[in-house]
Amino acid sequence: MTTTPKLITLNCSGGISLGAYMAGVFYELTKEAVKPEPKVIIDIITGSSAGAMSGAIAAYCLLNGNVAPPSKYINLEKITDEAHKSPLYQAWVEQADIEQIDSFAVMLSSFKDGYKATIESFVNSFESTLEKYQVSSSPIRRAIFKLFKKNKYSESTPQQKRNRTNLSVLSGEAIKKIAQLVIDPPQITDNTKPLALLMTLTNLQGLLEKVTLADSQGLVEQEIEAIASSETRQFLFHSKLDQQKMNKMWEKAVIGGRASGAFPLAFPPIWDHSDITSLNLKNLSDDYFATLNPKILKKEGLGAIPRTENSDTDLMFLYTDGGILDGLPILKGIDLEHDLRLRKIHNNGNSRQQFRQEFTAQQSSSNTERLHVYIRPIPVENLKSDERLTQGYFPMLEVGIKGLTLPKAEHDSMRLKEIQKRNELVQAKQELLEKLQYQGVENITQIKEKLEEAIPYRHVNLRPITPAIIGKIAELEKHPNLSRLTPIYANLPNNIQVSLQEGSAAALLASDFLGAFGGFFDKRYRDHDFILGRICGITWLHEHCNVEISEAEVEELVRDAQKYLLDKDPQPADLKFSQKIRIARMGLRALRIVVTESKIIGLAWLFVLGVVKLSAILLLAILEILATLFIGLTDMVERMHKMMFGSGS
C-alpha cells in the first residue's frame with residue numbers, strides 16, 4: 001500500500017564544528033527526499049549560524065535532486081563512499097579543518113591585514129581626537145581642529161570607513177571555500193519541487209523599525225520606533241521561477257549562509273546589500289523612504305553598488321552570525337507555513353503566488369501530517385546534561401561570561417515555550433468549536449472563521465533529532481519497528497552504549513569541547529559526528545516516516561560505525577601538543593587584534609600611548625611567529641612518532 005509522504009519543515013540551529021553531526025542527519029533526510037517515491041517531502045528549511053550554511057547546502061541537494069556535488073569541485077573518482085561525495089560531508093568533515101582555517105597563509109594574511117588595520121586605527125584615533133577638539137572649551141584645541149579641518153586631513157570618506165579592514169582570528173576564506181561547493185545555481189526545471197529556505201543573520205548596523213499599536217477598537221493609537229538587528233532572509237524556489245531570477249536569489253542565499261555562519265571574532269563579518277523595499281525587510285521606519293534619506297544613507301557609507309538607475313533603496317549592511325539573536329528560527333518556518341496555508345502572502349507578487357500554488361498542491365489534503373524536525377546536536381535529558389544545573393558557586397569572571405552567553409543559550413527554551421503556548425491555544429480553540437457544535441449554535445462557520453483569525457495556528461508536531469534517539473534501538477519492547485537497526489546498535493563502541501543507557505547522550509559527540517570548536521582540530525572527531533548523525537537520521541526516518549532500510553545499508557552503517565566511531569569521548573587534554581600551541585597562537589592573535597583596533601584620544605596620548613601600542617603589537621607578532629615555528633617543529637616530531645609507532649596521539 002502506498003503511504004502519503006510526510007511533509008517536513010527542517011529546522012537547524014548553530015553548532016560551529018558540530019555542523020558535522022548536523023550534516024550527517026541532513027544527508028540521510030535529503031537522500032530520502034530526492035528518491036523517486038520518497039517517504040518525506042522537505043519543503044521548508046530554516047537555519048541560523050552553521051545551520052544556515054547546512055540549510056543552503058541541503059537546499060542545493062534538494063533542488064538538484066542529487067546528494068552529490070558537481071565533479072568539477074570534487075574529484076569523485078577517488079571517493080568510494082557515496083556519503084563522502086555529498087557536499088554536506090565535503091563541507092563539514094573535509095574542509096572545516098583547523099589547518100585550513102588557521103594555516104600559515106592565514107597568519108601571513110593576518111599580518112598584512114594587521115599592518116593596514118594599524119594605520120587605519122591611528123587615522124581613526126586622530127579623527128576622533130579632532131571631533132573632541134571641535135567642541136572643546138580650550139581655544140588651542142579648537143584652533144588645532146580648525147587647522148586640520150581647513151586642510152581636509154580630518155575625516156575619512158564614508159566609503160573609506162566601510163572599506164576598513166575587518167580582522168578576525170580565523171580565515172573567512174575557509175567559509176568562502178565551503179560556499180564554492182554550492183556556488184553554481186541549481187537549474188530550474190518542470191520537475192523542480194517547491195522549497196522555502198529561511199535563514200537568520202545579525203545586522204550589525206541594525207534596522208530602524210516601526211511598531212504600530214492599535215487601541216481596543218482597532219484604530220492606530222501610536223507608532224513606536226525600535227532598532228532590530230535580527231534579520232531573516234526568505235527564498236521561495238519553484239518550477240515556474242525564471243532562471244535569471246533564480247541565479248540572483250541563489251547568489252544571495254549563498255552569501256547569506258556565509259554571513260550567518262561568521263561566528264564573531266573567529267570569522268570576519270560580511271558586507272552585503274539589501275533592498276529596503278523587499279519582503280525580508282518589512283515594517284521598516286518611514287525614515288528610510290523619505291525623499292532624501294536614501295541618498296543621505298548612501299553618503300553615510302551604506303550605499304550599494306548601483307545595479308539599476310533606480311537603486312536608491314539598495315543599501316549595504318555588515319552581517320555576522322545569525323545565531324547571536326535567533327539561534328533556532330523554528331517559528332519562522334511555522335509562520336511561513338501558516339501564511340501559505342491561509343493565503344496570507346505579503347507583497348503578493350506573481351512568483352509568490354505560483355510558489356503558494358505548488359506548495360499547497362504537494363499536500364494531498366488539508367490534514368496531511370507535517371512534522372517539524374528540530375536537529376539538536378546536544379540534547380538536554382536530565383540534571384546531568386549541563387554541569388551548571390547543579391553548580392553551587394560561580395566565580396566573578398564566570399558570572400560575567402554567563403551574562404554574555406546565556407541570552408544565546410535561552411533561544412531554545414523561548415522557542416519551545418512559544419510552541420507549547422500555541423499548541424495549548426489550538427487545543428482550546430478545538431474544544432470551543434466542539435462545544436458550540438454540540439449546542440447547535442447557528443452561524444458556526446462564521447464563528448469558526450473569526451476564531452481562525454484570532455488563533456491562526458495549527459498543532460505543531462515537533463520531532464527533535466538528537467543523539468539520544470539511538471538509545472531507542474535497544475528498547476525493542478517500546479520500539480519494535482526499529483528491530484532492523486539492532487546490528488548497528490550492537491556494533492557501537494561500549495562508551496556510547498553506556499552513555500545512552502545512563503541518559504548521558506550529551507557526551508556522545510566528539511566535537512563538543514572548546515566551545516564546540518574542538519571538531520576543527522581533528523578529522524576523526526568530525527567523521528565520528530557525521531556517522532553518528534547519519535545513524536540518528538536513519539533511526540528517526542525509520543521510526544516516524546516508515547522508511548525502509550535495506551540489509552546492505554545496515555551493513556554499510558555497521559562498517560562505518562566500526563571504522564569511524566571513537567571509543568573515548570575527546571577532551572581538550574587529548575589534543576596534540578602542536579594543537580595546544582596553535583590554540584595559544586590564536587589567543588595571541590586575538591590579543592593583537594584587540595590592541596590593533598584600540599582607540600587613543602588626545603594628541604599627546606596618541607603620541608605616548610601610540611608608541612606603547614606599536615611596541616605591544618610588535619611583541620605579540622613576534623610571539624605569534626615563534627609559536628608558528630614551535631607548531632611546525634612539534635608537528636614534524638608528532639608525524640615522525642606516528643610513522644614509527646603508529647600512534648596519532
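Don't overthink the numbers, they just go from 1 along the chain as shown.
Positions of Cβ are set from backbone N, Cα and C atoms, glycine also.
TrEMBL does not curate its annotations; it predicts them automatically.
Per TrEMBL, the features are as follows:
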{"type": "DOMAIN", "residues": "10-334", "note": "domain 'PNPLA'"}
{"type": "MOTIF", "residues": "47-51", "note": "motif 'GXSXG'"}
{"type": "ACT_SITE", "residues": "Ser49", "note": "active site, nucleophile"}
{"type": "ACT_SITE", "residues": "Asp321", "note": "active site, proton acceptor"}
{"type": "TRANSMEM", "residues": "590-608", "note": "transmembrane segment"}
{"type": "TRANSMEM", "residues": "614-634", "note": "transmembrane segment"}
Note to self: Validating a neighbour-count step here. Other CB atoms within 10 A of the CB of the residue listed as 'active site, nucleophile': how many?
What the structure shows: 31
Notebook entry, point to check: Taking a Cβ cut-off under 8 Å, which residues six or more beyond the ends of the transmembrane segment (614-634) line up next to it in the same chain?
Noted result: 104, 107, 111, 114, 118, 576-578, 581-582, 584-585, 588-589, 591-592, 595-596
Checklist line | Intrachain residues whose Cβ lies under 8 Å of the transmembrane segment (590-608), provided they are six or more past its termini | finding: 114, 117-118, 121-122, 124-126, 128-129, 132, 144, 167-169, 265, 616-617, 620-621, 624
Check: Per DSSP, the residue listed as 'active site, nucleophile' is which: helix, strand or coil?
Finding: coil
Next item on the list: Give the helix, strand or coil assignment DSSP yields for Asp321 (active site, proton acceptor).
Entry: coil
Margin query: Same chain only, sequence gap of 6 or more: which residues have a CB within under 8 Å of the CB of Asp321 (active site, proton acceptor)?
Written below: Gly14, Ser48, Ser49, Thr202, Ser260, Gly261, Ala262, Phe263, Pro264
Notebook entry, point to check: Mean pLDDT, the domain 'PNPLA' (10-334)?
Noted result: 85
